[in-house]
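Listed in TrEMBL:
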TRANSMEM  43-63  transmembrane segment
TRANSMEM  83-105  transmembrane segment
TRANSMEM  112-134  transmembrane segment
TRANSMEM  140-163  transmembrane segment
TRANSMEM  175-195  transmembrane segment
TRANSMEM  207-229  transmembrane segment
TRANSMEM  241-263  transmembrane segment
TRANSMEM  306-326  transmembrane segment
REGION    336-362  region 'Disordered'
COMPBIAS  336-348  compositional bias 'Basic and acidic residues'
């Protein structure tokens, strides 16, 4: 609900003549200010944008599926070592990190609960897009996202039961199983079509993948901007939650990479596990929070999922930028080494062939 002073809406002279006047649609009026029903423009805009973004996301996941080969995907399911490591990161490291951060910053119980809900959420689909850009294992990335979303049906209640005991009754938290199910369907169906296209028409799949990866990158930024516009009225939040929202995704990326490396995974799979660990399904977290708490409680922590999504995106872009610089430097270094070796080989051959050296090697 929004409060408007009559002096702003009708003018001071009108107030002087009739101090008890209120707009016809006012719900509460004390003669000096009126409480009007909440403008449902944001709600309508949210529904429209959510529909558009869902369709775009499905198309992007279809394009990501075009980079997955059936035999490699099935191999991850038959020998799920990488998926198991991701499972430990997703439902072991993240909830524990959320718990420790809540204790370390001594935040309010209701705020600690939302941090824990974020830590218990499955991986988000944005990780698949970033994994593609950092040359990660797309088969592992998609299988991890799928499995974590499926396992969230049981692991989220278990983790929340374990970690929220000291702050609230876990029964008070409403888990939207229908939303989790929809997330799973929205992931599995388009990816399955993408895998089929890649199997039948691999040349066309490459074109779809290139277009989809660019659209996906734009979509991630668009979601962050739209979230900021829709929830601009909720930006007054505890500084401690801002700090936690900054540290939490960075810790997820770092610890996920470290555990994957300790487990003996290859570098490109370590990058994949890192992204799958740090990038959470923030939309699911927002849904759980809205279903579980009163409007008064929401004021204290509703924006935290948005803060987390912004910083998880910023850190992911830093990882992407760092990897691209590293790869460019490594390619240049390799090229220089190969040229040097070619010159040395040519000169050594020249000694054998009567001292002739071609102009290309001088």
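Keep in mind that glycine also has a Cβ here, set from the backbone N, Cα and C atoms.
Note: TrEMBL annotation is automatic and uncurated.
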Within-chain partners of the transmembrane segment (83-105) [C-beta distance under 8 Å, separation at least 6 from its ends]: 76-77, 111-112, 115-116, 118-120, 122-123, 140, 143-144, 147-148, 151, 155, 159, 162-163, 167, 240, 243-244, 247-248, 251-252, 255-256, 259-260, 263, 265, 273, 276-277, 280
Check the transmembrane segment (112-134) against each of 140-163, 175-195, 241-263, 306-326 and return whichever range has the most CB pairs under 8 Å. 140-163
Are there 3 or more C-beta pairs under 8 Å linking the transmembrane segment (140-163) with the transmembrane segment (175-195), counting only pairs at least 6 apart in sequence? yes
